[in-house]
Amino acid sequence: MSKLIKGIAASDGVAIAKAYLLVEPDLTFDKNEKVTDVEGEVAKFNNAIEASKVELTKIRNNAEVQLGADKAAIFDAHLLVLDDPELIQPIQDKIKNENANAASALTDVTTQFVTIFESMDNEYMKERAADIRDVSKRVLSHILGVELPNPSMIDESVVIVGNDLTPSDTAQLNKEFVQGFATNIGGRTSHSAIMSRSLEIPAIVGTKSITQEAKQGDMIIVDGLNGDVIVNPTEDELIAYQDKRERYFADKKELQKLRDADTVTVDGVHAELAANIGTPNDLPGVIENGAQGIGLYRTEFLYMGRDQMPTEEEQFEAYKEVLEAMDGKRVVVRTLDIGGDKELSYLNLPEEMNPFLGYRAIRLCLAQQDIFRPQLRALLRASVYGKLNIMFPMVATINEFREAKAILLEEKENLKNEGHDISDDIELGIMVEIPATAALADVFAKEVDFFSIGTNDLIQYTLAADRMSERVSYLYQPYNPSILRLVKQVIEASHKEGKWTGMCGEMAGDETAIPLLLGLGLDEFSMSATSILKARRQINGLSKNEMTELANRAVDCATQEEVIELVNNYVK
């Protein structure tokens, strides 16, 4: 008899295969065992650290190839944990001073760190706790000589079943054999869920009981469209889901026909669909999905996973590669956005109570021009290889933009004097992420060439709600009328001055938001490359005039719920 288990749909698609239970290894040890050879035990711990670094570096490099640099960046964070003296030194001291065995010392110290970080009302610190837990498990396995599960060794068609998949588990999945996965815990924003979408593997998380309900070798259906897992389906259910899977793949194939199509509404209004990228390694997906440009090139990934700043020459080569590959299509490059949830070990940034509102992005770059100027020089030199736009992140005041522009113009003059060719067709813009910037959009619009609305931060700053906090996640409301009014204000201010506005947050690729944004007059929608074809099909079926009427009604609503109901009634 079949069994239906409900979970959270994390990644689209339908998978049908036998269950492969990811069994947790036995990492038990005698916590009270004391050692006499202290130096030998410290050496055992140090060797486990080095072995973990080797493994994680391989996993990180594989993840960059399969998933792109932005998804691989989590392993840069894991490698930083293994180099953190504030974590490593107390473990070594515990072995030396208390004769603790390496496994016990590691577990005691990392548990303390995890407890402290998890209690903080700061999402970056909570994510760091998860990193420490994952890394600690890997180091412990080397101390004990126990192998961790290795999904990369799977060589038959399976659906993986487990309590949870760590980022390193997910990064090692082979798409040829792993048809999908289902876990007890997790949510749509967990690392494994995000990676499953990049791999385009159907996934269900948060089932609570899948490891109790499924046995090794059971037939499993994962319906990533509805959040259903079926264990040991009946013959009729198998036939029905095989048909559903075929229809899903047929739809994906149909979408591919739109790869080279225009994005134009039924009443003839054009929109631009661009892609977000982290490094040149992301370019194949951009081209395969028919992006009309790059609306966000996150340059911070060039700075991560290394122990020193990238040189001007290294940056120049990366920017040049992207501009040449896009063959004259617009490439919007965001200057370094470090701080907040992104750290660089070699910068020694100060610890802050609230790093998201602190020393980050343009604030850091203006203060540390030895970082900022080489990046601007590299961008200016690369500008002759394509259509380059530059935007500054986290701009709060017009003076910040003016100062950043002045530095850029100064470096442009320096480069010309050095004999370099520089394009005279570079547009300069800003990210609109701060409510104050949106409120003064009319002032900024007189001086910038374009706006790019970063909705991820704009929403949480406007509603004072951390989008990663479960307790206040109900307040993270993309369709709240206050957000729509700010977006409208920014777009109208830019159009009044003959400028354009794009959007590069998650909202830009959201099927509920797209009709509203189209109606508000958004010029460019920048999203993950895998969302582009669906968005193109959606926009090509909408009327701009009708969506304008919809948007005008939406900004007059009182609640997000009213807006969603309005959209659902308009767009059926």
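Each Cβ is built from the backbone N, Cα and C atoms, and glycine gets one as well.
These come from Swiss-Prot:
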- HIS191: active site, tele-phosphohistidine intermediate (ACT_SITE)
- CYS504: active site, proton donor (ACT_SITE)
- ARG298, ARG334, ASN456, ASP457, ARG467: phosphoenolpyruvate binding site (BINDING)
- GLU433, ASP457: Mg(2+) binding site (BINDING)
Between ASP457 (phosphoenolpyruvate binding site) and CYS504 (active site, proton donor), what is the CA-CA distance rounded to a whole number of Å?
11
Work out how many Å separate ARG298 (phosphoenolpyruvate binding site) and the residue listed as 'active site, proton donor' at their Cα atoms, rounded off.
11
Can you name the residues of this chain that are 6 or more positions from GLU433 (Mg(2+) binding site) yet have a C-beta less than 8 Å from its C-beta?
PRO393, MET394, ILE453, GLY454, ASN456, ASP457, LEU458, TYR461
Number of other Cβ atoms within 10 Å of the Cβ of CYS504 (active site, proton donor) across all protein chains:
28
Taking DSSP three-state, what's the residue listed as 'active site, proton donor' in: helix, strand or coil?
coil
Please report how many Å separate the Cα atom of ARG334 (phosphoenolpyruvate binding site) from that of the residue listed as 'active site, proton donor', as a whole number.
11
What is the number of other Cβ atoms found within 10 Å of the Cβ of ARG298 (phosphoenolpyruvate binding site)?
21
With H, G and I counted as helix, E and B as strand and the rest as coil, say where DSSP puts ARG334 (phosphoenolpyruvate binding site).
strand
